[in-house]
C-alpha cells in the first residue's frame, strides 16, 4: 500500500521523477538558445568592440562633415548605442505577454527571432554603408528581442516542466543568460572576433542563435497549459503532454492542468493593469515588484563596474584583464548550473534568502577591502575574492530563483501580465541604475556598497516573512497559500508572516 504524502495525497509518478526526459531537456535547449541566451550575449558582446566602433563613428563623421567629432558627441552616440538596448528591452517586455497570449509561447519565441535577424542585418550593414545610425537601430532591435525572450521563455519552460522538476528546469532561463554572457566574453577576445577589423562580424553573430532556434524549436510542441486553458484544445494538450512526459507519465500533469482550468472558469487572460486592481493578488504582485526591482538594485552591476579596477590593483596586466573578466562570466554560469542542481532539494526560499544574506556579507567585506586597498599587498586579493564571492552568491540566489518565482506565484490567466510587469520593472530598474550609478560612485566611492547592503537585507527580510515555499506545489496550491494569508489578516486584523511551509 502506498504511503500517504503531504496534504493527504498520494505521491504521483510526476513527483517521483528526479531526472527530466530527453525530450524536455531538448525543448529547454531549443527555447533557450534563441531566448535568454540572446539577452546575455547582447549584454556582453558590446564591450569588446568599444574602441573600434568609436573609431568607426569618428571616421564616418569626418567623411560626412569634414571635421572630427567632438568628444562629447562621440560619448553621447556611443552611450546611445549601448543604452538603447535597455529601451528595446522595456518595449519587448511590455508586449511579450500579449504576444504570448495571441501566438502562444512557442509561436512568440519563433516570431521573436525576426528582431534578432533584422538586428544582425542592420549592424552588419552599418560598416559597408558608413551609417553608424544603423548600429542604434540594431541595438534597439536586439533589446526588443531580449525583452520578449526574458518574458516568454520562462513561461514556456515553467509550463512544460513537471511539478517535481519545475525549479530545476526553469533554471534554464538563468543558465542561458549566464551562458550568453560568457559566450559573448569569449567571442570578444582578440584570439577570436575581438580584433578591430572584425567588429561588424562580431555584432552580426546575433543571427546565429536565432537561426539555431528557427531550425530546432518548430519540432517541439506548444505549452500544454496554453493549449488546454487558453485555447481549449484537449487533444493537442494530451499529445503535447505525451510528447514531453511519455505515454505513461503524463496523467498527473494533465490532472493539475484540468484543475487549473476548472478554477479559471473561462476567465480570459488578464491585462497588466487588471492585476493592480485585483486585491486577491496584492501580495503576489508586491512580491513580484520587490524581487524584480532588487535584482537590478542589489549591487551586481556595481561589482562588474569595480571588477576592472580590482583586477588592476591585484597586479593583473591590462592586456590580461579581459581573461579575468571571462572568469567572472564562467563563475556566474557555473553558479547557475549549481543552483539548478540544488533548487529542488533546498527549495526556493533557502536559496534566495541565503543568496541575499551572503551578498550582504560580501558588501561589508568589499567595502572594508576597498577602503584599505593600498594598506597591504594582500588586500587587493581579498577584493578579488569578494568580487567572485558576490557573483557566486547572486547566481546561487536572486539570479536564478527570481524568474522561477514569477512563474510559480501566478496562475495561467495572470502569468503573462505578471511577466510583462516584472520584465518592465526589471528593465526600468536596469536603466535607472545605469543612469544614477556613476553619481552614486562619485559621491560615496566604495561606501556605495553600504546602500546595496541595506537593499539586500531588506529584500531577504521581506521574502522570509511573506513568500512561502513553492517547491513541489501546484500553481493552485501556491495561490491558495496567499489567499489563506489574506483571510488570516482579515480575521486577526494583523499581518503575520506567511510561514506555513518550512524553509
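Every residue gets a Cβ built from N, Cα and C, even glycine.
Positions annotated as domain 'Major facilitator superfamily (MFS) profile' by TrEMBL: 28-471. On the 0 to 100 pLDDT scale, the domain 'Major facilitator superfamily (MFS) profile' (28-471) averages 88 in the predicted structure.
Note on the transmembrane segment (76-101): residues 39, 42-43, 46, 50, 53-54, 57, 69, 108, 111-112, 115, 132, 135-136, 139-152, 155, 226, 230, 269, 272, 415-420, 423-424, 426-428, 430-431, 434 of its chain, located 6 or more positions outside it, place their CB under 8 angstroms from a CB of the stretch. Residues annotated as transmembrane segment in TrEMBL: 76-101 (among others).
Annotation comment: TrEMBL describes 108-128 (among others) as transmembrane segment.
As annotated by TrEMBL, transmembrane segment applies to 134-156 (among others).
Per TrEMBL, the feature transmembrane segment maps to 168-187 (among others). Here the transmembrane segment (168-187) has Cβ contacts under 8 Å with residues 20, 24, 28-29, 31-33, 35-45, 47-48, 150, 153-154, 157-158, 160-161, 193-194, 202, 205, 209, 322, 325-326, 329-330, 332-333, 335-337, 339-341, 343-344, 395, 399-400, 403-404, 407 of the same chain, all six or more residues outside its ends.
The transmembrane segment annotation in TrEMBL covers 199-220 (among others).
Residues 291, 298-299, 303, 306, 339, 342-343, 379-380, 382-383, 386-387, 389-390, 392-394, 396-402, 405, 445-447, 449-450, 452-453, 456-457, 459-460, 463-464, 503 of the same chain sit 6 or more residues outside the transmembrane segment (350-372) yet have a Cβ under 8 Å from a Cβ within it. Annotated transmembrane segment per TrEMBL: 350-372 (among others), in sequence order.
Residues 150, 154, 158, 166-167, 170-171, 173-174, 178, 287, 291-292, 294-295, 298-300, 303, 306-307, 310-311, 313-315, 327-328, 331-336, 338-340, 342-343, 348, 351-356, 358-359, 362-363, 365-366, 369-370, 372, 459, 467, 470 of the same chain, all 6+ positions outside the transmembrane segment (378-405), place their C-beta atoms under 8 angstroms from a C-beta of that stretch. Per TrEMBL, the feature transmembrane segment maps to 378-405 (among others).
Here TrEMBL flags 417-441 (among others) as transmembrane segment.
The transmembrane segment annotation in TrEMBL covers 447-467 (among others).
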